[in-house]
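> The ATP binding site annotation in TrEMBL covers Gly10, Gly12, Lys13, Thr14, Thr15, Arg105, Lys145. Under the heading region 'LID', TrEMBL lists 104-114.
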Amino acid sequence: MAILITGTPGVGKTTIARLLAERTGKKYIDFAEVVKNERLYAAYDPETNSYVVNLDRARSYMEQLLSCEEILDTHLVEALPPDKVSVAIVLRLDPLVLRERLNKRGYPSRKIRENIESEILDAVLISAIENLGEEKVFEVDTTGKTIAEIIEIITQILNKNGKLYKPGRVDWLEKYYFLIGKEGGII
Ligand code: ADP
Ligand code: MG
């Protein structure tokens, strides 16, 4: 049963998942790499420079692959077999900070906008709850936190001390509703 580190692109999944794997001695799996190497995609979208994952094939491949407590890194929760994920940590990040990070990464503006929208609307959190069940899902607001602080919180959650991190505490809509749809606004 894998430990899933998920969230909108740019929130810090890879950074956190790699370090967590190193600290715990568990195996790190980058889902995007598996998709590429095993050709689990249905198409390639040159416009966004990304693969469109074949969800059925990905799910059955991951069903075979996941056997122990791997640390799995992906935003695509719907491509995973739910019975092979024991806990999902959804990393959250203030959309304005996320926008800066994606800008720095050189993402095209359309992709930045899509990701900001998806962070504001809790898309990954909702997908995790729908696909895995709320019991397994936790969310951590990483805004302004150091990597060490985030690892500490995740360790707490994995030690069954995650009450403070059940879904519902992060609300970007509440924080930024006044910026939505405005000229130069957030989305
Ligand atoms: P993801 O895998 O979710 O797309 P990354 O782990 O690649 O995100 O992180 C995106 C960027 O944010 C990287 O440049 C990384 O160094 C930086 N980053 C990640 N976590 C933090 C943090 N807690 N504080 C500051 N910067 C961070
Ligand atoms: Mg990543």
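Any Cβ shown, glycine's included, is placed from N, Cα and C.
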> So which of Gly10, Thr14, Arg105, listed as binding-site residues, have a Cβ under 6 Å from an atom of ligand 2?
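What lies within reach of ligand 2, judged by Cβ under 6 Å, is Thr14.
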> Measure from each Cβ of the binding-site residues Gly10, Gly12, Arg105 to the atoms of ligand 1 and list the residues where some distance is under 6 Å.
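Checked binding-site residues vs ligand 1; flagged Gly10, Gly12.
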> Have a look at the binding-site residues (Gly10, Gly12) and report the one with the fewest Cβ neighbours inside 10 Å.
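With the binding-site residues Gly10, Gly12, fewest surrounding Cβ atoms within 10 Å: Gly12.
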> Measuring Cα to Cα across Gly10, Gly12, Lys13, Thr14, Thr15, Arg105, Lys145, which the record gives as the ATP binders, how far apart are the two most distant ones in Å?
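In whole numbers, the farthest two Cα atoms are 20 Å apart.
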> What is the number of residues in the region 'LID' (104-114) that are helix, strand and coil, as DSSP sees it?
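When I sort the residues of the region 'LID' (104-114) into the three classes, I find 7 helix, 0 strand, 4 coil.
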> Look at each of the binding-site residues, Lys13, Lys145, and point out the one with the fewest other Cβ atoms around it within 10 Å.
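It is Lys145 that, of the binding-site residues Lys13, Lys145, has the fewest other Cβ atoms within 10 Å.
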> Using a Cβ-Cβ cut-off under 8 angstroms and a sequence gap of six or more, which residues of the chain neighbour Arg105 (ATP binding site)?
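Correct list: Gly10.
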> Can you tell me how many other Cβ atoms are located within 10 Å of the Cβ belonging to Thr14 (ATP binding site)?
16
> Count the Cβ atoms, other than its own, that fall within 10 Å of the Cβ of Thr15 (ATP binding site), considering every protein chain shown.
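Step by step: centre on the Cβ of Thr15 (ATP binding site), count other Cβ atoms within 10 Å, giving 16.
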